[in-house]
Amino acid sequence: MGRSRSRSSSRSKHTKSSKHNKKNRSRSRSRSREKERARKRSKSRESKRNRRRESRSRSRSNTAPSSRRDRERERERASSPPDRIDIFGRTVSKRSSLDEKQKREEEEKKAEFERQRKIRQQEIEEKLIEEETARRVEELVAKRVEEELEKRKDEIEREVLRRVEEAKRIMEKQLLEELERQRQAELAAQKAREEEERAKREELERILEENNRKIAEAQAKLAEEQLKIVEEQRKIHEERMKLEQERQRQQKEEQKIILGKGKSRPKLSFSLKSQD
C-alpha cells in the first residue's frame, strides 16, 4: 500500500513536472519564435532604413542641396524612423534612439569627411598624374622634334635656302610692281596736273578774252559817248555862234536905228561955209 501510494505520488509528481516542462518548453519556443520574428522584423527594418539612407544619399549627391540646413533636414528625415522594437517586442527608449541618431550622424559625418578626403586626394593624384603626363609628353615631343631636326638638318637648310630665294624673288617682283605702280601714279598725277593747268590757262585766256571784249566794248561805248559829247558841243557851239551872230545883227540894227542910218530917218548933212 505504501509503495503504491509512493508510486502514485511520484507518478503524479512526474506528470505535473512533465506538464510544467512542456509548458516551459512551449513558452520558450514561443519566446524564441517571437525573438526570431522580432529579429527578422528588426533586420527588415534595418535593411529598409539602409536602403532609404542609400537612396537619400544618392538623391542628395545627385540633387546637391544648396545649404547645410537642407542637408541637416534630409539627414533628420532619414534618421527619424518610427519607434524601434527590441527582440522582446518592447519599444526602445527615446534616449537610446537619440544616441543612435547622434552616433549615426557622427558616422555619416565621418563617412562624408572620408569621402571628401578621398575625392580631394583622388583629384590631387589625378592632377599630379595629368601634370606629369603633360610634362613627359612635352619632353618626348621636344626630344622627337630635336631628333627629327637633327636627321633632316641638311634637307631643312636646303628648304630654308629655297624659301629664302623664293621670298627674295617674290619681294623683288613686288618691289618692281610697287615701283611701276608708283610711276604710273606719278604719271597720272602729272597728267592730272597738266590737265588742270591747261584748264586753268584756258579759263584765264577765256577770262582775258572776256575782259578784252568788255574793255573794247567799253572803249567803243566811251568813244561813241565822246563823239556824242563832241557833236553836242559842236551843236552847242554852232547854236551859240548863231545866237551871237543874231545878237550882233540885232545890235547893229539897233545901232543903225539909233544912228539913223536906216531908211526910216532922213539923213542929216552938215556943211561948213568958207568966209572970204
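Cβ coordinates come from backbone N, Cα and C, glycine included.
What you are looking at is a predicted structure, and each value in this text was computed from that prediction instead of being measured.
Positions annotated as region 'Necessary and sufficient for RNA binding' by Swiss-Prot: 1-77. Per Swiss-Prot, the feature region 'Disordered' maps to 1-117, 240-276. Taken from Swiss-Prot, the feature compositional bias 'Basic residues' covers 1-30, 38-59. According to Swiss-Prot, the feature compositional bias 'Basic and acidic residues' maps to 67-87, 96-117, 240-256. Marked as region 'Necessary and sufficient for transcriptional regulation' by Swiss-Prot: 78-276. Look at Swiss-Prot and you will find 204-208 tagged as motif 'LXXLL motif 2'.
For the motif 'LXXLL motif 2' (204-208), the model gives a mean pLDDT of 93.
Residues of the compositional bias 'Basic and acidic residues' (240-256) grouped by DSSP class, helix first, strand second and coil last, total 17 helix, 0 strand, 0 coil. Broken down with DSSP, the compositional bias 'Basic and acidic residues' (96-117) shows 22 helix, 0 strand, 0 coil.
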